[in-house]
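Noted in TrEMBL for the protein shown:
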type     : residues : note
DOMAIN   : A:21-499 : domain 'Amidase'
ACT_SITE : A:K76    : active site, charge relay system
ACT_SITE : A:S155   : active site, charge relay system
ACT_SITE : A:S179   : active site, acyl-ester intermediate
Amino acid sequence: MYRSIKQIRVDLLGGKLTTRELIDGCVKRIEGFKKSTNAFVSVQSSSELDRLVEESDRRIKGGDARPLEGVPIAVKDNYSTDGLRTTAGSKMLSNYTPSFDATVVARLKHAGAIIIGKTNMDEFSMGSSSTNSIHGSVVNPWSIGKTDQYVAGGSSGGSAAAVAAGMCAAAIGSDTGGSVRQPASYCGVVGYKPSYGTVSRYGLISYASSLDTPGVLANSLDDAAAVADIIMGRDELDSTSLSTYPPARYVTSNTKNFLQKSVASNKIGRPLVFGIPTDFIVKEMDDEIFQLWRNVAREIEESGVGCVVPISLTHNRFALPSYYILATSEASSNLARYDGVRYGFNVKGQDQGEDGENNQSNSLDIKTLRELYRENRSIGFSDEVKRRILLGTMALSRGSRDNYYKKAQQIRRLISDDYSHAFNVQNVDVVLTPTAPSPAFKLDSKMDPIEMYLNDVMTIPANLAGLPSISIPLQVSPTKQLPLSLQLTGQRLNDHTLLQAASLVLNHLPSNYSQNYSTEFENQPFYKS
Amino acid sequence: MSIRYLLSRTPKSCLLNNNNNNNIIGGRNNLFVHNNNNKNNNNNRYSTSTTSTSTIIDENDPSLDYIYSGKGNPYQLVVGVEVHAQIKSKEKLFSNSLNIGSLDGSIANSRVSYVDAAFPGTLPVLNSKCVEQAVKTGLALNASISKYSVFDRKHYFYQDLPQGYQITQYTNPIVKGGEVLLSLKNNRKKLIKLSHIQLEQDSGKSIHDQSPTSTLVDLNRAGVGLMEIVSDCDFRSSEQVGAYLRQLQHLLKSIETSDANMQQGEMRCDINISVRPSHQTDRLGTRVELKNMISIKSIVSAIDAEATRQIEMVESGTPIQRETRGFDLSTMSTFHMRTKEDETDYRFFPDPDLPPLVLSQAFIERVRATIGELPDAMKTRIITQYGLTVDDATILVADPYNVHYFESVLRHNGKTDRSVKTLLPFIIKEMFEWLNLQNESITNTPVSIERMADFIDLVESGYISSRTGKDIIGLMLNGDTRPAKEIIDGLGVSQISDDSVLEDLCVKILEEHHDKIMEYRSGKTRVFKFFVGEIMKQTKGRSNPQKVTSLLQKKIDEFEL
């Protein structure tokens, strides 16, 4: 099992490995972990895989291998994939097969990557546990060999589990309020959410457009950077995609592999400044995570690779309510298109589902358009999705908009200003926090919606402010045998500094976190199986 | 019926009627709307008659527009107009599907992209051409252009609205303010202020009458760019609304930002209408919205009908409902469509898929430079330059191509001395009458600029008379594609301008009538007309009268008895 894209490339080009072996290995693991993790909802057809494998092998032999030639990558099921069913974890889209690729997918294919399948997720990305899916819950691979089952986190839980258990080399997720970073932390992999606007959202099924950010789940910082280098950059199909990345001052001639080079370069020139927001110390925080956070901060300071300053993000306490008003408002609008008329679930059954379960037309007497919409949407969406649509509809309604939507926007600005103050006035390079208040929790243990929402308390601010943020696994909990992660959040469009800081924490502290974590990881049953 | 060359030339009788402020005419409902000039709008009126003389009136006197109830109480009409004009652009507002334009009969759902049909994951990308067109329209309407504007989502569920929301501009529209100076009958002017112009998406079309059990949806129109041009509530008569719509339509066509054809749905119009007793100027009556009218004429009629209805209700003490009403042309009355209470909460909020639209001054100036001569300026210019009457100039500027045609004929082949007086009647009388009859636009006239110029030269040189010219141009319009000279020669209707032929004829006639020459010489000069008449008789009216006169004069003086 490969845990490095660089190694895959060396072995493929060096003739030690064939694309066939690599892909077959992944497909085998996908099959093997199907029951225990439920990470994938669709796997690429074997005929299509054959075609792609052949092409990669031909290119490798012909000496014209592309940057990610033959690298198996899994994609969250909310990215449009040409010819591959795309459900967003919803009954509403259970029968929907797109005929176009999302920009992220198209760029990966263009770079030679092989899209191996689609990963399970919370319906329309609404959740923090990947248990709210028409395809059933994702189970954290770290549960294997334990008596209890743990959640993989969410909403990109399938992608996190797939990377952790070696079902693919890397995976694409999407991060609206922490949906890449939190599952990455629960499954012990790297989860990177780039700055908003640096990766195209075209073809990503919208949850909350102003927060949705495509992100990468990978085994290492290098791998995350390698994939990010491919998918980042201006896309004319997304009006919110920026043409100013990477910032001109960092680019001399060649913008290729910008992030990879940044990670590799140890020349930071000066000690990085790590900001520690004291406002993040919440009473719900797990003690081992708190200790890890404290130790890492102390080591940074003591080893002299950086310095640590306390910062104040005072409006952070309003982040959660602000986020849930904005995200649900946008969701109530973005999900209005799902009416079953042009595609997707329809009670009248014009669009028979693949499993042929939509035979309710006889029992239902649909007379009006209103009835058709009501039935399609009542049955097509789960309770959690309906709850959020209702919440957002309320927040945008005539009588409430000023008190909810508008206030939430104002708070969003204040939160963003707090970060700007830390970066620009206190000269902080990155903000160091835990990714989530706790490690993975038990499946079926934490199902109260409000309590679930609290899970996102540490990750949400980066989405509200559009900042790049990354979750890195540093330790395995001695008591729970579950991964513990910290999160680094950087200045907007300074993704390279963020990755350099992450590299510093992983590789250049006295505790040698990266090395030790790898050893423990490789001792886990799901790795060895 | 063509409205392209529609003119409102008001006959004298109507002017009188209008000046005496007492427009109570006993009608069906013992109530009549003041504004009866609509009856006199003959679509095909092209006369070159003199300008109507105007009486001095205070054009701002509001009482001129009062409507009198059956009991003789004066009411004031208050109307605001929302015009939806489809933007002339190759592609739709937020997708690269082709705009349907006025292409009628294109295959249903053949111009629909994933974006238009709101497939999962698709995103809108603003078409800069549409922005340019809205800015151009704003500049032509003397409005201010917002350097910062925002797109909002307006939510409602309907089968022809794939996204479940319309992208529009609710709080910060691209154009603010603006004005239209109305030219009304009687030489009255009225300034209408505009509130704003917003960019927004058109919806698809729902077709209810092709299947007994289903509604069919055609998304070709879904996502086409619209300019919603919103006026202030400045209108006080249906005449003003009619003039506004015609002038606006005319402007949009001439700056080419919209084809603005109402029959094709490229220009649609909602009317907000209320009435109030004339003394109650401090507050407005309850307003009713009129929708779905397909021509300016029916809009004007609908306003009159609705005003009548509302005044009757006020008179009888019945409260007016806030509602949306339609207009039935067969009964010439408005009917209830829906009440305002049924309306959805549109839940407007800024579209997070679209960043604010920021325009630079340089961009605005670039657009300004593309605006050609506006209709009003063009009218003033051709009046001074060619000595046209206001009425003739009005007819010509109705379509900018008219003026182009007129001026091109005048200057064809580099000539500078073609006479406006000769040319004008052939264009605005003969040709426009024919075009009206055929419901054709001048761009499709069968008489090209070259052929018209050659034809005019033949008239001017005396090769044919003006009267014969009318027949010849008629033949040319009706499909005779030969050069004018060939047609004339074929028919043998050219004037005899050959001096030797006419000279011989003169001498011959003089020889035969020595007695008449004597009479002429003795001072009975009217005998001269007898000789002219004789010559015309013998040449069957084909001799050139000017030539005949001058030759005859010469010969009669020289004649030796």
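Any Cβ shown, glycine's included, is placed from N, Cα and C.
From a predicted model like this one, the values you see are computed outputs, not experimental measurements.
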Surrounding CB atoms that lie within 10 Å of the CB of A:S179 (active site, acyl-ester intermediate), all protein chains: 37
PLDDT averaged over every residue in the domain 'Amidase' (A:21-499): 93
Conformational class of A:S155 (active site, charge relay system) under the three-state DSSP mapping: coil
Helix, strand or coil at A:K76 (active site, charge relay system) [DSSP, three-state]: strand
